[in-house]
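Peer 1: Not my notes, these are from TrEMBL:
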- 6-23: transmembrane segment (TRANSMEM)
- 30-48: transmembrane segment (TRANSMEM)
- 54-74: transmembrane segment (TRANSMEM)
- 86-105: transmembrane segment (TRANSMEM)
- 142-163: transmembrane segment (TRANSMEM)
Amino acid sequence: MEPISFILSLAIIVTATMVISVFNPVHSVFWLVLSFLSSALLFVQIGLDFIALLFIIVYVGAIAVLFLFVIMMLQVNSNEMKIPTLYEFIPLGVLLVSLLLFKLVSSLSYLEFTTSSVISEPLQVLTLNNITSVATILYTNFQFAFILLSLILLVALIGAILLTHSLSLEVKRQSSFVQIARATT
């Protein structure tokens, strides 16, 4: 394992641990954003550029910002939150660690460490990068699904705008029909 991969993997583990261990929800979302960015950098490092771009756009750009705005709109007061003690989590932690160790030991018993499983012939490498190959497949084989998905997202966007749009009497609005009627007379 390369040192940069090890550092990024360690950063993902540390930031994910901080997400669940920090008591302030806003700080938790910031740690979540750092975890997603570390994951995206790890994907770039192993050569999956398109997946890294999707992580940044979808997770950091949409979900984390949405979480942050929801938490800020809820106005969570840190004085009202009950800070749990460490002893409350010990039974659950012991149960989860024992389950994970059991799964690890049981999965290691099925592995075969022989040289026959190693590929003896070199793999044929494609000259296209990830983004080009995904775009080619998306726009040639899945044209209808792509257009249908874009229409569904457009309807969801219009629905969200209509749901949040409120007509109140305090806000001054212009009536285009009245203005057009004045201009023609």
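Cβ from N, Cα, C; glycine included.
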Peer 1: As a test: from 6-23, 54-74, 86-105, pick the stretch that has the greatest number of Cβ pairs under 8 Å with the transmembrane segment (30-48).
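Peer 2: Answer is 6-23, with the largest number of Cβ pairs below 8 Å.
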Peer 1: Apart from its near flanks, which chain residues at least 6 from the ends of the transmembrane segment (54-74) lie with a Cβ under 8 angstroms of it?
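Peer 2: Result: 25-26, 29, 32-33, 36-37, 39-40, 43.
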